[in-house]
Amino acid sequence: MNAEPERKFGVVVVGVGRAGSVRMRDLRNPHPSSAFLNLIGFVSRRELGSIDGVQQISLEDALSSQEVEVAYICSESSSHEDYIRQFLNAGKHVLVEYPMTLSLAAAQELWELAEQKGKVLHEEHVELLMEEFAFLKKEVVGKDLLKGSLLFTAGPLEEERFGFPAFSGISRLTWLVSLFGELSLVSATLEERKEDQYMKMTVCLETEKKSPLSWIEEKGPGLKRNRYLSFHFKSGSLENVPNVGVNKNIFLKDQNIFVQKLLGQFSEKELAAEKKRILHCLGLAEEIQKYCCSRK
């Protein structure tokens with residue numbers, strides 16, 4: 001990225017929760033990728049007026065403004081699909097926090113729309129930019145997996161806003177697919193105690209070489225945000241990830257990737273591989289949801 005960009009893309013941030021606030025901070029700070037972007041305002045359902053000197057603007061103004069060329073969608077997952085469609089139809093590039101949609105068909109349709117409009121549609125995956133993932137990637141390369149498991153625990157999450165657990169937890173599924181290739185669903189169960197705000201989803205997957213992988217999402221009051229993993233290879237085992245350092249500026253690293261796409265610096269092959277992985281994960285998440293719901 002050149003230090004002095006020839007032009008800046010006008011950006012609006014939709015949703016100013018945790019992710020949206022980090023995005024606004026990165027856009028305002030002097031980073032190489034931020035030099036290509038100009039934060040014009042933010043959209044929120046709440047009446048906030050301004051945040052740190054950045055003005056709130058209406059959704060209608062964001063869609064119709066010639067100044068706005070890019071939308072960062074940082075709202076709850078249930079609203080992503082509608083926002084993406086509106087901004088693509090208005091001729092804007094879109095960066096969206098994962099999951100981009102809560103169904104495979106919607107994601108495919110939106111990707112087709114982005115291609116028709118000649119716009120970038122980028123789904124954030126900061127989990128692939130974490131130090132832990134870089135460590136795992138090095139550890140598993142060239143090894144034959146015998147079996148593996150990944151358990152994620154956290155506090156409760158509202159399904160109405162963030163989607164079925166296979167969608168809200170899609171970053172864990174993305175880790176497994178990125179490490180071991182495309183996966184197929186063997187079975188899935190969902191245990192829920194709504195009165196206790198507790199849920200546990202257990203998914204049995206297998207690799208193309210038929211090695212079993214289990215993925216568990218467990219959420220409830222008092223559960224700390226944690227990841228436990230165990231991978232057994234022909235050449236040894238990996239039990240959990242050592243402390244590999246702090247994840248610095250992962251949203252900024254994701255923004256760098258997005259700007260490279262805006263500038264046409266990604267090859268068609270790289271873009272196609274990323275799209276294939278994202279759609280594979282969304283398709284698996286949908287399959288898991290259908291499997292669990294059919295057994296209720």
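Glycine too: its Cβ is placed from the backbone N, Cα and C atoms.
So that you can see what the record holds, here are the features copied from Swiss-Prot:
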BINDING   Val16, Gly17, Arg18, Ala19, Ser44, Arg45, Arg46, Ser77, Ser78, Ser79, His80, Tyr98  NADP(+) binding site
BINDING   His280, Cys281, Cys292, Cys293  Zn(2+) binding site
MOD_RES   Thr174  phosphothreonine
MOD_RES   Ser178  phosphoserine
MOD_RES   Ser230  phosphoserine
MOD_RES   Lys248  N6-acetyllysine
MOD_RES   Lys253  N6-acetyllysine
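A map of Swiss-Prot features onto the structure.
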| residue | record | DSSP class |
| --- | --- | --- |
| Val16 | NADP(+) binding site | coil |
| Ser44 | NADP(+) binding site | coil |
| Thr174 | phosphothreonine | helix |
| Ser230 | phosphoserine | strand |
| Lys248 | N6-acetyllysine | coil |
| Cys281 | Zn(2+) binding site | helix |
| Cys293 | Zn(2+) binding site | helix |
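With respect to Lys253 (N6-acetyllysine), the closest of these recorded positions in Cα terms is Ser178, chosen from Ser78, His80, Ser178, Ser230. If you count neighbouring Cβ atoms within 10 Å for each of the recorded positions Arg18, Arg46, His80, Lys248, Lys253, the highest count belongs to His80. In the structure as shown, the Cβ atom of the residue listed as 'phosphothreonine' sits within 10 Å of 24 other Cβ atoms. Less than 8 angstroms from the CB of Cys281 (Zn(2+) binding site) sit Ile170, Leu173, Thr174, Val177, each of them six or more residues away in the same chain. Across the structure, Ser78 (NADP(+) binding site) and Ser178 (phosphoserine) are spaced 25 Å apart at their Cα atoms. Between the CA atoms of Arg18 (NADP(+) binding site) and His280 (Zn(2+) binding site) there is a gap of 27 Å. Annotated pair Cys292 (Zn(2+) binding site) and His80 (NADP(+) binding site), C-alpha to C-alpha distance, rounded: 23 Å.
Distance from the CA of His280 (Zn(2+) binding site) to the CA of His80 (NADP(+) binding site) is 18 Å.
Here His280 (Zn(2+) binding site) is compared against the recorded positions Val16, Ser44, Ser178, Ser230, Lys248, and the shortest C-alpha distance is to Ser178.
A gap of 33 Å separates the Cα atoms of Ser44 (NADP(+) binding site) and Cys293 (Zn(2+) binding site). If you compare Cα positions, Arg46 (NADP(+) binding site) sits closest to Lys248 out of the recorded positions Ser178, Ser230, Lys248, Cys293. In space, Ser178 is the closest of the recorded positions Val16, Ser178, Lys248 to Cys293 (Zn(2+) binding site), judged by Cα positions.
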